[in-house]
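Peer 1: Questions regarding the structure given below will be posed in turn.
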């Protein structure tokens, strides 16, 4: 008969279906509790129906109801044991096991060994002082009281300071303190072992040891000298030449070798038959301890430790055995079967020794449970054939050996259920491109359905390639790409039906920081800026947060954050730290960090101390201040003295930043105090507090005055001057004529100069000087040469002439003077020249004199005069000069330069007066350098980097403008303009025409300055004037109307104004005749009693320059009320015009 086997799969049974209990939470097997707290033993289980719980203690039923201190939590098997009403936690120590039961089976917890933590007191004991010879080994035992769990031991003195440990002195794994050899400095009275108990957090201290080191002495010729005997190595721990060690698999292996000897031995480790596993082995306690974590079977073997010094070596072998408590190879899992299906439960475990496998059903051994024909036990496997409804149960597998046990629950549930989907419908999953992706499709059915995946409802099932379907329904996409986006359908099929669900997948670009912050140093008070530029999927919103030292950064008034950076202005020391930028989207994140180091000026040095005083030196020592993360590069030592310049600090010397003690070289007879300034890359510190004063004794000067020189301020003297080299000094000065071997002249002065009178003109002197004070004279200076004063040269250069003249240069020659006539140090022949006139008619020139020097001592001197203006008339003469005077002038020479090429035109303008015309204007050059014969204009079109054909225009010298029509408005030109003489074209003036579209301008021609417009306006003004005169004449001939009848007429026709107060000369009344008059079609005016003059106020009415009347319109007053009206009319301009007519 063919049996179809299906291994158990990690498929969750829906909670709404009946299922046996399953333990989901329980306390650890070895459970140590704090006696000060309530005892809580956990046991949680799930199942349908909800399980009930019971407990066994030490293998017997634990009746919870009979103990008032024990309660069980609702819907849970967790026990809580309280001691408020009394009782001892130790009474509840023992082995506990929880049973979770429902209608379908019983699940078991592990056997939980409950123990109460203990921290026993150290036994009282009297410790005698330990006497040991210097150089001998010593072990101070600790022997801490046994606690649960074992305490952590350490050694301290009475001041609660740890005992220093090193290669010679160290604590062993058992807590003892080992001395490889005892030295005299080890003698103390307070070696105390301490035990710290972790649960109670208490420390207990053993009575202290008193250690006394006994010195050894050797007598040699009646002299006693100390000598410690050396010794070869021997092991203090472990003893003997070999030992064994057993360790369990996955635990920690600790091997220890502590050796005695003088000198202190060095310990090395080896493994026979192979190398030590470098990745797992660590050496601790100064190489005395070998540590291997997570031990495995291959770590078994012989380990050798060797201790050696220069006197010899010793070895110890440790044989390590690796045992193993049971560990799973194949842990049984829940099995769901449909009626008539087959299955199996497998329980495979390994260990050393090999564990024993035992099966239980609902907590009872298989052999004591009712027989079941569909079940067969075959060692570590139980086989099920053609299971039937009602055969559900919980099976336990127990694997045990002498080192421990494993217990696993696995239920067998017989169900008949069509396929169903357990997850949310139509879920949207967003993933990052190129990431491994899982699409979950939890399902259930019995018999177990077959699950297939489809993409976008097309094709065959997805499996293979970059797709992998797990038995629990999950689809793995090994590397998601953009083309993997779409709708995925999972379909579960069985003989009882089918069910499906859909998952929509969107693939997004990763969120990443493309410009990360970088480590930087910032000076205090400056601004620091960290970049954090992010690139992300445009469809995913992101948030950027900054932290400092892993704490949120508050953006206050000072810190500023934008999209790509964080700015920290006015940096201070509190800003130093590690700044992290984290960018998050809903599905991924990226972060980057950088450290900000704040630099500042160093703190001033402190504790200045003076030592080692000497006559002319002293040692200055100081303690450097905080350098604020910028190393000190220099120290500046300053001094102040209270005799000559009190209160003024002066620089003495600088020293490298790694020194803090220097010898200062001092001057005599000065009362010094010093201060120090530290300098780093940021700047200088504040000065330190001044040192104590130190006064040097007096002494004769030891320095020679600097800057000794002799020179004449007059023709018959010589001033000898020098620099002072100290206060309160006198100076001995010697001088004599050089090369005459005469006696030295000598004078003593307090000043810094001396004047020798009645000397000959410009003769050399030998000079020397010596400083002296009340303690004696200093060293003499070397002899220097000085000169008496200079006088005016007596001779003039002769026969000054030109040999070759072109447009800008001229060659000159002259006869030299006798150098004795210079009466001083010969400096140069100085040529004076000036431009007398230009040969260009009408050109005015500057006649400013210029000079040029020529140094020459040859018999026939010559030179070249350059930078002359072409086509000009020049004059020149020459003198000879010493340091103070010039001699008489030579003959004056006149010459003319040849014609040259002209300068560039004075200006060159390009104006665009219309869309298709440009106008060029220029002016003649400032320096034509000849007679202008023409202007030359070259131009070509420009279009980006392309240049058009060059065209040439030539103009007469009196032409200074040119108009050019453009082929189209967008054309641009480059123009090159130069003036020409007969010699050739001069300097070019280049300009480019403006662009029409956006950068050019079209000349705004002022129409008011155009001749035709002025003429037109004058003609219009003249016509208006004539019309007004005719109008006034006509109205005057029409007579007057009585004012009596007219004075009460309304003012509207003549005084109508706009809202802003201005007169409106275009109102409706403009087309009406004046009151009391009648206008005919031919323009004749009938007789009237009023005229325009009647509406003027005396002589205020007048005409403007264009002939328009500007008088103010007002109603004429009654003749009875206003006198002199007749005369007013007679003198008005209107009447005057009328009389002319």
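Backbone N, Cα and C atoms are what each Cβ position is placed from, and that goes for glycine too.
For 231-242, the entry in TrEMBL reads compositional bias 'Polar residues'. Among the features that TrEMBL reports, compositional bias 'Basic and acidic residues' is placed at 1044-1072. Residues or ranges marked as domain 'Ig-like' by TrEMBL: 21-109, 123-210, 233-321, 326-413, 424-506, 510-597. Taken from TrEMBL, the feature domain 'Fibronectin type-III' covers 604-699, 704-791, 796-900, 904-1000. If you look up TrEMBL, you'll see 218-242, 1044-1141 marked as region 'Disordered'. Annotated transmembrane segment per TrEMBL: 1012-1033, in sequence order.
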Peer 1: Which residue counts does DSSP yield for the domain 'Ig-like' (123-210) in the helix, strand and coil classes, in that order?
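Peer 2: Result for the domain 'Ig-like' (123-210), in helix, strand, coil order: 3 helix, 32 strand, 53 coil.
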Peer 1: Could you give me the DSSP helix, strand and coil counts for the domain 'Ig-like' (424-506)?
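Peer 2: Residue counts in helix, strand and coil order: 3 helix, 46 strand, 34 coil.
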Peer 1: Just give the helix, strand and coil counts over the domain 'Fibronectin type-III' (796-900), going by DSSP.
Peer 2: 4 helix, 49 strand, 52 coil
Peer 1: When DSSP states are grouped into helix, strand and coil, how many residues of the domain 'Fibronectin type-III' (604-699) land in each?
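Peer 2: Breakdown, helix to coil: 0 helix, 45 strand, 51 coil.
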